[in-house]
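J.: Take a look at the following structure, please.
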Amino acid sequence: YGFINTCLQSLVIEKFGEEIWEKLKSCAEIQDTFMTYTVYDDVITIKLIQEACKLLGVSMEAILKMFGEYFFKFCKMSGYDRMLRTLGGNLTEFIENLDALHSYLALSYQAMNAPSFRVEKRTNGAMLLHYYSDRSGLCHIVFSPGSGIIEAVAKDFFNMDVTMEILNKSEEEERTGKKEHVVFLIVQKHCGKDKKRRPKMSERGKNSQQDQEEIEQAFQRMKEKYLTFSAFPVKKSRWDIVRSIVIFGKGNLRNHFEAVYPERLWIDEKTFCKAFPFHIVFDVTLKVKQAGVNIQKYVPGLQTRDIQVDDYFTIIHPQVTFNILSICKFINSQFVLKTRREMMPEEWKNQPTIKLRGQMIWMESLQCMIYLCSPKLRSLQELEERNMHISDIARHDTTRDLILLNQQRLAEIELSNQLERKKEELRILSKHLAIEKKKTETLLYAMLPEHVANQLKEGKKVAAGEFKTCTILFSDVVTFTNICAACEPIQIVNMLNSMYSKFDRLTSVHDVYKVETIGDAYMVVGGVPVPVENHAQRVANFALGMRISAREVMNPVTGEPIQIRVGIHTGPVLAGVVGDKMPRYCLFGDTVNTASRMESHGLPNKVHLSPTAYSALENRGFEIIERGEIEVKGKGKMTTYFLIQNLQVTENEIMGRTDNLENRGNKNKH
């Protein structure tokens, strides 16, 4: 069930973190979360454990030990704490009633295939625990040195330490129907904490002890007197005697209780068979001696003389051979029997078979076994499918209440399943929404600076900003008009896409902002929208990278690498968001015009610098040569320069092909 896988998930997240669990799910190829009441194949759980072993570098035995100890804690956290605490007054009773607990849980987890437990008490206080399971190799969940479920239960519920040892491990499929049979030797010893509960001995305490001894003696005298009374006292009722004992013993009656039995059984055969309508008595040869009235009604063959109980029933749980010896070995277990379909009347064979759940009691004096039971039903629907009624179950039998309560429980489970499914659907939708939101943000951040985009998302107006100094770059493709005239449109698109993809990657490498592209023109800026001191160096390195990247883009007409012109200018600008329908982050000012002029007046495969750009890069480790004085449209005569290379970094660093970009950035700052 999903409960087990959810426990494993909780263990991994608590011990190793959410990231490890996500890696584990990915390795095990598991996508969805687990639903508590949904049945999952054992292969999924085993695969998760195996992948956990690989990922964490530990053995499967270690994982199972860890899981065993955590599973007990997880059950308590999941609301089963009180149910587990009240299962038995000591460890032996607790283990003996585990099968009954599993039987109850099967009402909610119908497909549950739980292990079975059997206890053998030894004279020295130790006990043998027999563990049977269809799943081999999982006994370490129950027992492991210093951990495991049994040790955790002993310490938490009964304040005792136990030592466990595996005496035997075998497969007994033929005898028990279970694949694995493990025998543990359990030795119990109380923890030292119990001593703290005893009050320290003082003078007053000694007197109290003496008083207690006197009370005990009085109690024993009263008890002896009580046991001499006849079965039908005349002058004093039994409750008066019991009340007197409790008063004298100060509530210790439970510790000294001895049952009193009548000389004969005061109930006739008919009344017994009606009072316990579902019971069977059979001898050592499995011959039926007696049966309740309603079990006869629904299994008519039991009215036949000298029939064998195993002719009409098979044992479902525990999975043992149907004989007295096997039943006696599991005498403390809850037994589930199922009718044999082939032995039912012909008209009943299409109905579901009847299952009985109850207790086997060995009657030594009669050498017979009595099976006191009730129909094993989960809901009113199952009751109807077998043509049974609530009235068929004895009024004292809590199965009546269990069916009605479980009907409500099943409705709650279905509601819980629906809520879990809705929760999972919402989780998946939320995950998809986050992915789509990420795509939208990526697209938005490609159009606008991140802080500007965030302000627009919040509904705020973005004020224009003035930047006292920045560096702007323009580039275009030489003879682009001629290329367009000689090629198909798709060839132009492919060429520009290849070129722009390479340039876009370089903007991330050198941390410059791409303003826009128009046709073959490409515009970037350094120092806007986030002001930085080394904006000119960043743009210069970007320009050198553009020139290298252009060698890898082929002219569709000539088949040769394309040629680009690059122009750079440094100066002040005004920047702001323009437009409502398709807002763009635009730059305004004479610096933009001058940068554009540097590009248009440049030469193929050259990076053309204005005087201010040259001043910003001077003595920064760049090789720059003077072009001379040229006539610039709208600007008059200007002395311009060509950027040749960066003397302090390699071509690989310019292209972002190494992880040594920090060294390059540090050199630029100097």
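The backbone N, Cα and C atoms fix where each Cβ goes, glycine too.
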J.: According to TrEMBL, which listed range is coiled coil: 160-194, 405-439?
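T.: In TrEMBL, the coiled coil feature sits at 405-439.
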J.: For the domain 'Guanylate cyclase' (471-599), what are the DSSP-based totals of helix, strand and coil residues?
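T.: Computed counts for the domain 'Guanylate cyclase' (471-599) are 55 helix, 41 strand, 33 coil.
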J.: What average pLDDT does the predicted model assign to the coiled coil (405-439)?
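T.: It averages 82.
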